[in-house]
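Record features (TrEMBL):
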| type | residues | note |
| --- | --- | --- |
| TRANSMEM | 96-115 | transmembrane segment |
| TRANSMEM | 146-164 | transmembrane segment |
| TRANSMEM | 171-187 | transmembrane segment |
| TRANSMEM | 193-213 | transmembrane segment |
| TRANSMEM | 220-237 | transmembrane segment |
| TRANSMEM | 344-362 | transmembrane segment |
| TRANSMEM | 369-386 | transmembrane segment |
| TRANSMEM | 406-426 | transmembrane segment |
| TRANSMEM | 446-465 | transmembrane segment |
| TRANSMEM | 508-526 | transmembrane segment |
| TRANSMEM | 533-550 | transmembrane segment |
| TRANSMEM | 795-813 | transmembrane segment |
Amino acid sequence: MNNDRMNILWRHLAAIAIFAGLALLFCSPLLDGKALFQSDMMHHKGMQQEALEFYNRTGEIPMWTNSMFGGMPTYVIFTGPPVTAVWYLNKLFTLWLPNPADMLFVNMLGMYLLLCILDFRYWIRILGAIAYGFATFSVISMETGHITKVMAMAYMAPVLAGIILTYRGRWLAGACLTAIATSLLIYNNHLQITYYTLIMVAALVISSFVIALRAKQLPAFFKASALLAVAAILAILPNMDNLLILKEYTRYTIRGSESELSSKQQGKPGLDVEYAFQWSYGPGETFTMLVPGVVGNSTAEKLSVSSHTYKALTSLGVPAVQAEQLVNGRRWPLYWAGQPMTSGPVYLGVIICLLTVLSLLIIQSPHKWWWASVAAFAILISWGHNFSAFNNFLFYHLPLYNKFRAPAMALVIVQVSFVVLACWALQELISQRQPKTQLLQALQKATVITGGLVIGVAVFGPFIYSFSGPNDGALLQRYTQMLGSKEAGNTLMAALRKDRSSLLLRDGLRALVLIAITYAVLWAYLKDRLKALPALLILTAAVLFDLFQVDKNYLNEDSFMEPKQLATYISPTAADEKILQDKTPYFRVLNATVNPFLDANTSYLHKSIGGQSPAKLWIYQDLIEHQIAKNNRAVLNMLNTRYIIAPDPATHQPVAQFNPQALGNAWFVKGIHWAPDADAEMSALNDFNPADTVVIDRRFQAQAGGFTPARDSSAAITLTKYGLNDLHFSSQNSHDGFAVFSDIYYPAGWRAYIDQQEATIIRVNYALRGLKVPAGKHEITFAFRPQTFITGRKVAAVSSWVLLAMVAGGLLWEGLRRRHS
């Protein structure tokens, strides 16, 4: 290896060391043995606990869990040990660093790789990698525990890098990089980020086609595109287990199908448009990319003793010590825009925004327009219901778009694009391929535009905005109750609005200082007062300082806990302890002390009626909205709700209430009520006795009809063995009977057997399972054997190693060819 190659290698290793060092520095409590508390990961812990315990106890991969929403597949919760080589690659690219340093590191590394392919200067790559890795959307997502999202974001840039390399004529190397990066992107299983990556890929391919057409190089374009298609297939195969099973599962969920109830049908499968657009960025809110405090940062901010809120509390007679505890310990809703709640702003850095504006003025390559266009498109998408004419059209016409919610997430596209354009502007300016006077004029224009936006939004904003949000009415009621009078509540509310205004002004002035520093450094470079290296080092330090300072509002030492604290975070209450004393193996619990349908902590300890999942089964979602949320006790009984956790009226502490009317795991009914359609089936549940009557849609009459069910006085069905993939019952009835099981109906994988002979499972009571059971004593087994999952894992395991072998061979061939040439 010659000296040039050794130097390149050492520079790459130095970059890796810088990224690892910065990640660990930012997450320094990890070095003291602490672990990050991530609220969503706590929910995930509850979601997967039953499946994890089952796997640890039996060694069998659980494909179903009864701990959430009465029962659902584990595909989006827990899928057992890794079977593909892609898992090892994913760990390799994180250097096995602890969470969340691993996510910070791999995001910086991914962007660094793209900037290397774009052939930018070394310190420009470092600057861009830092800007991408520490953008607040990434850091806030890490803090809340959106691990799959952040890990998928790490591979957006490498996917684009591989495609760009291929279209530049490095066909084999580009295709190999594309295959590996795409496989890792898909592996991390965040379909919405993958979808946004595909939008960027589409823009890149269209741009490359237009440029090739104009240059009369279409044969080369089509050859590269064919190689990329092969790379995409190779990337998909190692993820077939996940993709196939999600495709199958989505057909039955709120993400990919439609409710059978006519009142909820919108003509096209997918999410409801209002639900999907809940987390929409506003046009004014978009300026958080430039000034983080434009709309108040988050719905849970800390304040200080210098805040207007603190002064208002003390003026209202709250003791100073207590007031200080309130502003430091209570999370104050400074956010005042239209999202239901938010953990923080999407802030890209004012320096990055300034350089992005500069890029549009000085970059002459036509490729800049696809980067800028896709960023603009993403901003429009992020507005959701705030730009309904545009986004409703996309929701109903753009393929797969209606499977996703939270349009604000589309700003990840802007995060990638702005960093690339900003680095490109630096590359163009440092290389000085244009006259200095022209570059200086462009720099001045960019500074005036960016500074003008900051002044308009942040300096004049306090005189324009009301700083009142849609939730302020509820806040006023809360503060009135807390302080004992409406006048005091209004005083505190007015102080909170002043703090919102002060935050905007403070962040605006801070942004102007950073703009001035950036302008001064680049002006000094263009005037030959400063060399390129120190100029880039100063800008890198400024970007790092800017983002570190904002990020630390959301991920700091307070975010970390001792491992023992984390392990006991979900601890049983006295009510839980009482329920856990019941050794009956299988019953359900409704926790009415919280919103049961946004709570996975109950699932950690019990088999819950509720849970937390963005991919609930439609039949259960309908049951929640039409029956469970209305406290229909008959429906709770048929779901075998043995305990209800409710607040004690006197102490307000949770207590466990035993429900003697819970119907158990299975029972024989006296008769069948035939419903003409799904609407009638749901309506029949409003007033029925599930112990005696079963409600069945007429479309199942061929399987369930043809006899009159009966039961004798001793008829019974007993659960004899409980498992997640198998349930065993013994039945006894002197008549041909119809049995109802308090398990959720899911046709894609569940099979029933009566004395080892397969029987047809019928959907009953809208969401449960039913069986025709002949007279006599029988052994009944339910087995969950989804062939899609089983086959997919085998295909994924083999093809992942094939992918690695082909990529290794391709890179070896490329290396030998280049050395020979």
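Cβ atoms are placed via backbone N, Cα and C, with glycine included.
In TrEMBL, annotation is done automatically, which means it is predicted and not curated.
Panel annotation: around the transmembrane segment (369-386), residues 196, 199-200, 203-204, 206-207, 274, 276-277, 279-283, 286, 338, 360, 394, 407-414, 417-418, 420-421 of the same chain, lying at least six beyond its termini, place a Cβ under 8 Å from a Cβ of the stretch. Across 96-115, 146-164, 220-237, 508-526, stretch 508-526 shows the highest tally of CB pairs under 8 A with the transmembrane segment (344-362).
Within the same chain, the transmembrane segment (96-115) stays apart from the transmembrane segment (193-213): fewer than three Cβ pairs sit under 8 Å, each pair at least 6 residues apart. Under 8 Å from some Cβ of the transmembrane segment (446-465) lie the Cβ atoms of residues 284, 287, 290-291, 293-294, 350, 353-355, 357-358, 361, 501, 504-505, 507-509, 511-512, 515, 518-519, all in the same chain and six or more residues away from its ends. If you count C-beta pairs under 8 angstroms between the transmembrane segment (171-187) and each of 146-164, 193-213, 220-237, 533-550, 795-813, the highest count goes to 220-237. Residues 38, 40-41, 90, 93, 99-100, 103, 106-107, 109-111, 113-114, 116-118, 132, 138, 174-182, 184-185, 188-190, 192-194, 196-197, 200-201, 204-205, 228, 231, 409, 412, 415-416 of the same chain lie 6 or more positions beyond the ends of the transmembrane segment (146-164) yet place their CB under 8 Å from a CB of it.
With respect to Cβ pairs under 8 Å, the transmembrane segment (220-237) is most closely packed against 795-813, considering the stretches 193-213, 533-550, 795-813.
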